[in-house]
């Protein structure tokens, strides 16, 4: 108690003068023996110098701790405050209960998770090359595992005999190589990306001047898919393919987009130049995977745009630079009409140069119908003007028949350019609507001024 009073005395200046200030108070010391409970008194003068030095050292240690306690406690309190703020922020944001995060700790089941991980081991990819004694209880399967070998194995608990066929990819376990699950065919991602997931916004009502062509294509594509019983009743096979040819801008690709919108079938769009690959055999492989993916669908429409990129007539230039392109075309010929049935697959092809296509590609059985997209007549051009001005802010007294008569030998793309230029004239004059004079100026600019850039006369020479 004496030492504690010395430490807490406010008039004490420090531990350096504790001995001189409180030495008279220490003349008589009373200490209690905690083992016996007796009180022992002795004179401080008889106390050893070492005991007094311990007292002063104890006082100096407490003072030093009090001196250094304040800065560390401030830092600790600051860090604790930041931690509390972050925890409160997390609770306010709801991250702890988010569906994308972990489940609450009370829902964790580490034992079952560990058991599940032990049961679900990764599988090896193999190819089932042969089935021994099919349709029996003792059926065995020959699987070829790449870089490992061939094995005769059975089925696992999760696989069904009706799901396994010869030539398909399967997943086998790493111990007994038993077939666990069937796998889908391996298809290049670049081929899968050719599938049009979203339906285009083009419809048949958005196409003008192609009424006859639309009817011919609908007979080949839509009628066999929507009413196959009509062909079964007559005992005939529907046409399998259509070739659309005509000058640029005549609406070939637009009709294909309208077909994709109209039918609920899977629509795959392929540009001919995409099948021209650097390495030998890559283009033919992509064609095989295209038709393989198309056969896996219930109904599919394959649209080859700019088919003249790979469908040109075969020739020998003595160098062999086009050999790979010709191999790709030969694969297309086989897929169109080979030993394997094409199934419910309709093929549309579009080109600007039908004169350079290989005759084997154009024969009946591969492309049964050829549809020519010629230049629209006066009625067709008038309809195209009305279609493109449907969403424009125009005056009511515009004579579209007059504008159509001023655009002879113009395609739908040319008329669309006229409508855009008329809108640009209205914007330049700071008007909110397009007048007939704007259309007349646009006709002079596009049809008359850009006549030297038009490729229509050049391409029309191939259709005469």
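Glycine residues also receive a Cβ, built from the backbone N, Cα and C atoms like all the rest.
Around residue 248 (ATP binding site), taking its Cβ as the centre, 13 other Cβ atoms fall within 10 Å, counting all chains. What Swiss-Prot lists as ATP binding site is 246, 247, 248, 249, 250, 251, 252, 253.
Summarising the annotation, Swiss-Prot assigns ubiquitin cross-link to 452.
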Determine, from DSSP, whether residue 253 (ATP binding site) sits in helix, strand or coil. helix
Residues flanking the ATP site, with Cβ no more than 8 Å from the Cβ centroid of 246, 247, 248, 249, 250, 251, 252, 253 and excluding those residues themselves: 350, 352, 373, 411, 412, 413
In terms of DSSP three-state secondary structure, what is the assignment for residue 248 (ATP binding site)? coil
Could you check the binding-site residues 246, 247, 251 and say which one's CB has the fewest neighbouring CB atoms inside 10 Å? 247
Within 10 Å of the Cβ of residue 253 (ATP binding site), how many other Cβ atoms can be counted across all chains shown? 17
